[in-house]
Amino acid sequence: MANPTLLILAGDGIGPEVMGQVTRIIDWFGVKRDLTFDVEHDLVGGCAYDKHGTPLHDDTMARALEVDAVLLGAVGGPKYDNLDFSVKPERGLLRLRKEMDLFSNLRPAQCFDALADFSSLKKHLIAGLDIMIVRELTSGVYFGEPRGIFEEGNERVGINTQRYTESEIDRVARSAFELARRRGNKVCSMEKANVMESGILWREVVQKVHDEDYPDVELSHMYADNGAMQLVRAPKQFDVIVTDNLFGDILSDCAAMLTGSLGMLPSASLGAPNADGRPKALYEPVHGSAPDIAGQGKANPIACILSFAMALRYSFDQGEEAARLEAAIEKVLADGARTADLMGEEGGTPISTSEMGDAILAALEASL
Ligand code: NAI
Ligand code: MG
């Protein structure tokens, strides 16, 4: 059988630095676990603009649609801040998401015990936390028409429209139920059905998908504002949360920060399955290009490495190997390895990006 294909778009700023550690880990899985990927590298964001005058070349876009998964670092930086909107680095990322039709955005909030003190919550509330927020990514109020700033009488009015079709709700609900079956088998759907018609339809469709095809999964519904309260009051009550684009944007940031640093947060964005059953998929850390520390070897590579772990699990059906990688990360953190962003009040000496990579590779090696 042909090797699975990976397109790596390391991007700008710390993107290439953190991705450098991921490629070492990919190589390790090839040599030690007989899990070889055909890896291609290409440009996205500012570096693509520098070379091609566009943040995403058409050939790169075409390849992204063909490969089994795309792994992205980060895009942007001060050098590109004054570019025209149409060629800004983030347009490259937005084009990928749009043309790959990545409607389901997975944002885990997982607490590594060694970092529990980083949370703003009491330790017992988050120790062992493992929740997954599924955010609808391609529709809702960020895209609905009409939108704009209009004249109305003698003042202006700003308009955005929350709009969801049944099929858009149906497909993201399915993706949440599928995920729940591989985890704690529990889904909580969040909307504002009390004040929004789009929320009424959301609740109805999620319930219907559940009753028809996923009756074995435990389903509850919650108003999104209560959901925000519950996330900070007792986050461990949740397994999978599914919600729309706007609420998901806010709730996923809130949930993510329960567990500490931006340098630790991975994400996946999934689309419709291909013929072989694999969803179109883009994996990337939540953080940006961190121009303030770029080029200094200070960046934490774990968010990007955990994004590759998600790729192993969700694109390549290698849940055990993903767990091996996550356990290696848990181990190095428990042993005290800390990049600068993970230094607590007790101080100490931070390790570099590549030293964190060394430590994780050593822990992987020890796992054999
Ligand atoms: P950022 O996430 O790049 O940085 C925020 C803060 O977190 C900085 O102090 C940075 O040093 C730190 N940080 C981020 N990732 C880290 C890591 N792996 N290890 C250690 N520290 C880390 O967000 P910011 O500063 O708002 O944006 C910087 C640039 O990145 C901008 O050009 C922005 O447009 C772009 N950006 C790109 C994103 C993407 O590619 N998906 C997402 C967010 C921002
Ligand atoms: Mg956000």
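Heads up, residue numbers simply count up from 1 along the chain you see.
A Cβ is built for glycine as well, from the same backbone N, Cα and C atoms used for every other residue.
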Original post:
Which single residue out of ARG91, ARG107, ARG233 does TrEMBL record at the substrate site shared with ARG97, ARG135, ASP225?
Top reply: ARG107
Original post:
When you measure from the Cβ of ALA290 (NAD(+) binding site), which residues in the chain that are at least 6 apart have a Cβ under 8 Å away?
Top reply: GLY13, ILE14, ALA74, ALA299
**OP:** Count the Cβ atoms, other than its own, that fall within 10 Å of the Cβ of ARG97 (substrate binding site), considering every protein chain shown.
**Re:** 16
**OP:** For ARG107 (substrate binding site), identify the closest of the binding-site residues PHE85, PRO89, ASP253, judging by Cα separation.
**Re:** ASP253
Subject >> Spatially closest candidate among GLY77, PRO89, ARG97, ASP249, ALA294, the listed binding-site residues, to TYR142 (site 'Important for catalysis') (Cα to Cα) >> reply: ASP249
**OP:** Would you report the average pLDDT that the model assigns to the domain 'Isopropylmalate dehydrogenase-like' (5-360)?
**Re:** 95
